[in-house]
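Student: Residues or ranges marked as domain 'Sushi' in TrEMBL: 6-64, 65-121, 122-185. For Cys156-Cys183, the entry in TrEMBL reads disulfide bond.
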Amino acid sequence: QIIIAIDCGSPGILRDGFLSGERFDYPNIIAFFCNDGFQLIGKDITRACQENGLWSGTMPICQKKSCSTPPIVSYSEIIQPDRTTNETVQYICQDGYQLHGSSMLKCISSEWQPTPPTCEPTTCNDPEPYFNGYIESLSVNDSLKYAVNSIITFQCPMNMTLRGSRISKCQINGTWLPKIPKCEKPIPCAIPGLPRNARYVHLRPFMQKIPDGSHLEYMCENSQHRQRILCRRGKILPKKPRCYTGCHVDNEYVNFSKTFYRHRENVYYTCKNNNSLSLKNETIRCINGNLTDQPICQSVKCIVPHMLFLRNIVNTTIPSGALIEQDSSFSYTCIDGYQPSIESAIVTCLNDSKLSHHAQCVPRSCKEHPPVITNGRTIFHSTKHGSIARYRCF
């Protein structure tokens, strides 16, 4: 007797999963499993090859696992793309709160990992380890933390100088502003010599050094302004006291706004004559007794236009291209059959270096009205060159 094996064939491919069992003939059984991050959906996790050559049950599927709603963290906001496996959510604390723990949670095997963070009220660390003096303030708790808006003051020992702000405030981001200062040992400065034309103001007799952080004032001759030098850690600022000289100004062609300008002061002026013009637009300044530039005034002049013959002009009293002074004039003559474009053939140079009008000749107008006819009338609007007259009988 020949026994023929009953073969059910492959049950199919389980996407995102796999099956166990190597034989697909009767009466073998296969089982279905999903890859990590997926779960089996279907009532049959196993299937058997039956005598009729068909597999029992139905084919399951593997579906991506999802996580539940992310944990709620007080005083935070969640940035959440979606809740599918391998996706993440991010926690951001509200203003005035600091995040403790991991800000990112990941959906792994349908669970959010790691443990959710917490948002605690923002505090500033104790500044004492960073300051080498005395702090006048009390911490709000035993952990030496300071709440937002806490204010502390700093003091240095008698023989030291504070460098920085004497007070600081705890900010909403957990930092101290202004920055924590420091105490430094003072280094006095030797009193520097002054220029010959200067003297110290209120300098005590026999004083040879300036205390660190103090200043001295001095005045220069011909100046009513006090200048200051500062001692900073053994160094004089600015490095060398100086006196700058002002400028006495005088010019026969220029009206200055005053006769003396201080060092670095702008110099303002106008030209004395109405027919004069400043040729320089640059700002002039007084620098240590000298002007940065000299003001220049020059008479206003106009240029007689070139190539006047192109404008039907036959002659001018001044050659083309010549310069004429302000209020000076020239006249021109038109060729036969032409007349000046305006009544006057005299052109004047104005105070802005421009001519009063263009020298130009236009065809001559008719001197008389068109003739009158008997038993009719004449219709015309102008006697200018090119005008037309019409006649109409009664």
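Here, residue 1 is simply the first one shown, and the rest follow in order.
Just so it is clear, glycine is given a Cβ too, placed from its N, Cα and C backbone atoms.
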Student: For a quick check of packing: other C-beta atoms within 10 Å of the C-beta of Cys156 (disulfide bond), how many?
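Tutor: Other Cβ atoms found within 10 Å: 20.
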Student: Which residues does Cys183 (disulfide bond) neighbour through Cβ under 8 Å, counting only same-chain ones at least six apart?
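Tutor: Result: Phe131, Asn132, Gly133, Cys156, Pro157, Met160, Thr161, Leu162, Arg163.
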